[in-house]
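Enquirer: Sharing a structure here in structure tokens format.
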Amino acid sequence: MNPSLFPSKILSIPFITIYIFIVIPTVFSSTKTISYSDHCNSFVPEAIPTTITYTRFPFLETITSHYTGAKNILDQDSLSQSYIHFRPKDYNIFKTNTSNTYKTQAQLTFVPPSIYHFQSNHSRFYRPLVFNLDGFLSVSTNKLCMVGSANWFSKKGKRLKLDAVLKLNLPRLMNLNTSLVSGTLESLAFPHDSDYFDPISMMGFPQVSQFKYKYSLVSNEDCNGANAIEHPVASLESLDLCSKFTYRFLIYQMESQGSGYPFLSLYGFQCSVEEKKLRFLVEFQNTSNTRWDKSFNPNVTLIGDATWNGPKEELCIVACHILNQTDPLGSAHIGDCSVRLTLYFPEVRSIMNTHTTEGQIWLTKKADDVGYFEPIKFQSFDHSSENYGSMYEFTKLQKVRQVCPQTNVAKREGVEYPSGYNGDMSFDMSVKYRNMDSIGSAIPIFVGEQFYHSYDAFDSNFGPWQDPTSYTGPMNISYEISFQMFANSTSESGSGISSLFSTNNGRVEISAEGFYDNETGRLCMVGCRNLPSSGKNSENESFDCEILVQFQFPSTNGNNGSFLIRGSIESLREKTDVLYFESLNVVSLTYTKLEAMESIWRMDLEIILDLISGTLSCFFIVLQIFHVKKNPDMIPLISVLMMVILTLGYMVPLVLNFEAMFSETPYLQNIQLEGSGGLLEVNKVIVRIVTMVAFTLQFRLLQLTWTKKFGKDNNGKGKSHWNHEIWTLVICLPIYTVGGLMMFLANRKNNNYIISSNRSIWGALRSYAGLTLDGFLFPQMVLNMFKISKGNALSYLFYIGNTFVRTLPHAYDIYRGQKNISHQFHQFYLYANPRADFYSPSWDVVIACGGVVFAVIVFLQQRFGGRFMFPKRFRDTIEYEMVPVVNNE
């Protein structure tokens, strides 16, 4: 490579002198531990650094690089492998006394997902493997050799120092055929040493400055072999090619699987604005998932150059294979550039033609050549919010007028609704059917003749956004609606929902178009959904367009008393039709500003209540600890089962939320509530700390009870109180088991379709566990009956206070229901969470009354005896009255 490609900056003589004699010896002192000459001289001879020069050379980076090997330290496989980074430190290298040879420092970083770092206490946390390397670059041979080490730990926690040598082949002036960087990282330890690791092979396609890369293998003529386009395409003369295609994974569906894979992904990682040319990774995939921060798979990945073919309004890609991958330092190279791809963009979109991109892939090989396949068409997913300058054709408006007749609704004074041209029209939603619950989204695609961008409300590539703020009344609008399919619904006969078949990605996807009236906030549309082959009716239709979608938007100023978007999705077919489904209710999951402020106020209140409950629990437990220490003879009368239930009641929430004590909860990471000021996260941590204190105290109380009842006395003999505890367990355990089975069967019968956690089987079991905790005094009542106990085994404040703490959430839920607080946002419940207990007006009353009844019974048992409620002959053992004896003498 020409040395002029490494521009240097002349520095002053004093600065050079200081740098050579002070800085450089210090910086490169680490190389003394590993001999460069022993491992690299045959690859890149060693030289003496003389001065610094600011330049760069190609490096390996995320997504466009790949590595294999070192499984004994990285534990990576082809499915879970993450990324590799190799880049010079500070992007500088040093000139040496040998022509075309430069000294440099660099870091090589591996970040696979399953790396664990073992500290001396054997705790684990995620960390990358980083090699600090020093070495030399030969411009004349395009080779790089470096030595260095990394600190690491074995799987057993032993500290390791991994010494290694890195050798890379770098390209000269790059084009598609010469763009591969490949090499190896090899351990300098002996194979039987504990710090030895298997050799690592690596390859990648680095970005380089524009003048160093030549798009020499791609031109408009390269794609002339493609089949003719069947319909008009959009004119994209003003397209910003780089912003549309770089640093994004674009996933397409293959119409046939001649390649053996159902999906195709494109990732553009370099672009020339002036030439309208790009570099792409082209990968065949088994899934439609994107692979952010993952290394590519070289067995199914091609490297390609693309150019914009203006006359045909298409993107043309020439792609090549990676050959001889197993020999990264030798024959590995780019070759077999016989693959061609073209992408074009339909001019018109409609309710039944929603994909934004079409294309095909074919070979320039002959039919009898090895690896030949017939041309394959591909297209973007149907419900895409992308736009490449296409227009929308409304075809169902006449039907909308028939099923959505205009109603004369007078505009209410002072009530304002979204205009239809702003960012308030897209929303996340909860879709409900009976006891089923699913999460989805509704996104506008076109408003009138203009593309609606869900973030910016305009598309900068295709002219300015026209905002007709003076326009009022109904306007044409199209939507893409998507939600997760209800669990097990297709297997349930007669449910009325079994005909709502999902697509191959497990979601129900509906395209809809109709009218939105910004004076009333009413949106009414007709929708179409694509039917899988198993869902086609007797007429072999591919679409079900007999769907009515209606939404009512709330006012933007809150004057109509509502903050949520409400609506329905229903079938227009007869109930006897195979494609008929019952109506689905829709409620938005989007916060307005007023509702967000209400939620913040409610969450603050719930945190206060949680802190009060936790503090009171700690206080009552401390009182009981003092009580048992003052009255140790009463400890045998305390139920161990009750103490276990209370201890688990504090422990389980800590286990489930342990990670949340030290980091933000997921919903707080994704949803920023204006006005929270970050105090919400701090308060939640404080609540969990109080819960941990309560758990510690309760565990201590359990330990005291257990030791006193089942430990050894001063004479070394065991103290056995197992008899009554076993009988208590024999009575309580079947009751708990029968109750759990009844809950399971009831959930299975009535809620078989539920996918949300608040009424799933797991959610029902959690709620039943909460009910068991509400009745924590039940084992104590049973033990009192068996032991015929009498006396204050439990402090009054302990069981009465804990009953109050367990009853308080239900009292608050009654208050919350009267305030008509929405139950749509389950992720924001911090106290009395419906997902973790039984909360409804009837259950609140039953549980509160039940807790009070249990407390009263225990109070009477401790005062009058464990069997006070039984007939007198069953209360106590027989007592004999002493009769005075008369002496006749």
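Each Cβ is built from the backbone N, Cα and C atoms, and glycine gets one as well.
TrEMBL labels come from automatic prediction, so no person has curated them.
What you see is a predicted model, and the numbers here were worked out from it, not measured in a lab.
Marked as domain 'DUF2921' by TrEMBL: 36-201, 290-377, 404-584. Feature annotation from TrEMBL assigns domain 'SWEET-like' to 597-874. According to TrEMBL, the feature transmembrane segment maps to 6-28, 607-628, 634-656, 726-746, 767-786, 838-860.
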Enquirer: Under 8 angstroms, Cβ to Cβ: which one of 607-628, 726-746, 767-786, 838-860 has the largest number of such pairs with the transmembrane segment (634-656)?
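Expert: Stretch with maximum Cβ contacts: 767-786.
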Enquirer: Out of 607-628, 726-746, 838-860, which stretch has the largest tally of CB pairs under 8 angstroms to the transmembrane segment (767-786)?
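Expert: Looking only at 607-628, 726-746, 838-860, the most contacts with the transmembrane segment (767-786) come from 838-860.
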Enquirer: Considering every residue in the domain 'DUF2921' (36-201), what is the mean pLDDT value?
Expert: 81
Enquirer: Using DSSP, tally how many residues of the domain 'DUF2921' (290-377) sit in helix, strand and coil.
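Expert: Breakdown, helix to coil: 0 helix, 44 strand, 44 coil.
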